[in-house]
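Feature list (source: TrEMBL):
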- 22-46: transmembrane segment (TRANSMEM)
- 53-70: transmembrane segment (TRANSMEM)
- 76-103: transmembrane segment (TRANSMEM)
- 115-135: transmembrane segment (TRANSMEM)
- 175-197: transmembrane segment (TRANSMEM)
- 218-245: transmembrane segment (TRANSMEM)
- 291-308: transmembrane segment (TRANSMEM)
- 314-336: transmembrane segment (TRANSMEM)
- 348-368: transmembrane segment (TRANSMEM)
- 374-397: transmembrane segment (TRANSMEM)
Amino acid sequence: GISIAILGPTFPDLARNVNQNISSLSLIFVGRASGFVCGTMIGGALIDYMNHFLLLGVSMLATTVGFYFIPFCKKAVLLVVMMSVFGASVGVVDTGGNVLILALWGDKGAPHMQALHFSFALGAFLAPLLAKLAWGTTASTQNLTESDFDPLMLNRTSETTPDSLFAVPEDMNLLWAYVSIGTYALVVSVFLFGLFCKKRSRQKKSTASAQRVRRAKYHWALLCLLFIFFFFYVGAEITFGSYIFSFATTHVGMKETEAAGLNSVFWGAFSACRGLAIFFATFLKPGTMIVLSNVGSLASSLFLVLFDKSPLCLWIATAVYGASMATTFPSGISWIEQYTTLTGKSAAFFVVGASLGEMAFPAVIGIIERHYPGLPVVLYVCFASAIFTGVLFPVMYKLATLPLRHQSKERKSED
């Protein structure tokens, strides 16, 4: 979570560090996302043949190296390449973490899956606080424009180190923010290597037990539908979190401080509900939690569309929407594991779908908003996504349970 979210608040500082303005360095997000997709596929292929703890430990070590080197990059191309490698290591961790939970607990691991994804939300929530408060980086992502980068200052910096690829950054707060997070990742990698050395036999038992579990008749059809489901769900989640600040300021007329608070309400409710989901998952089935999340997302996004000019409705519906979106992804993984075995490749498949939605939705909305600036495009897209996922899940449920009713009556129905 910290690895993904730290780029946002430190992006202006990184741009200044490589003598670029914000718009010319936007390729860094594409590089990280592309690396993340590649890392997800690599992790899905390797985790079926490597010890899970070893793979995660190596990936966290690579993440540490990325954190240490990123603030020293003085060329934009080098920074984009480093961010791509960094995204690949994070992609391996994302896929490997989900598969590890399933390997250890199988279809009984719903609370553990919720805890794993709560830790992601908590890290994403704490990253801006660490970057802006703990180390006090100088730039503001909310008010910064290209004019804030003084061309004379950039020229002076480039004259002092014209050909250097790596150098100590002038902003030491940027350095300490990345080094501190990198050190934390290093400590985590040490613990993972320790688990690899200590529990190798236990991992073999878990893998052997995981290989004995079921495979649904429509295994690949379910994975393809889950791919599409996560494509729309994650796309809507990232889009709303990315655009709600600009929507509140331009469309509703909120002050920047109020819009920033609204953004914090969304991610705060998102994180809090993921934390509560750890306890809810002990007595609620994953399918039930997905249905509740879909209903909450559909109702809140509908209110946002109907009352898009009302600040009060925006505050309340944003909190409900964030809470409703929180449990869908981990519940979806736990739900599919009840009916078919998830290997590393199959887990990587729908994680790639989520990553593609994360890349595609914001880009498409940005294009549409340039042509129709007066429309609340973000709200329309989130509402349409809520309708689509709300209709798609019953189809997936019917497809997953239909063969089971003919084969065995031991499983309790979630009807």
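Counting begins at 1 with the first residue displayed.
Here the Cβ of each residue, glycine as well, is placed from N, Cα and C on the backbone.
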Look at every Cβ pair spanning the transmembrane segment (175-197) and the transmembrane segment (53-70), keep those 6 or more apart in sequence, and say whether at least 3 of them are under 8 Å.
yes
Taking residues 6+ outside the transmembrane segment (53-70), which of them lie with a CB under 8 Å of any CB in it?
3, 14, 39, 43, 46-47, 79, 82-83, 85-86, 88-90, 92-93, 96-97, 100, 166, 178-179, 181-183, 185-186, 188-190, 192-193, 195-196, 199, 203
Taking a Cβ cut-off under 8 Å, which residues six or more beyond the ends of the transmembrane segment (22-46) line up next to it in the same chain?
7, 11-12, 14-15, 55, 59, 76, 79-81, 83-96, 99, 144-146, 149, 343-349, 351-352, 355-356, 358-359
Would the transmembrane segment (291-308) count as touching the transmembrane segment (348-368), if touching means at least three Cβ pairs under 8 Å and pairs must be 6 or more apart in sequence?
no
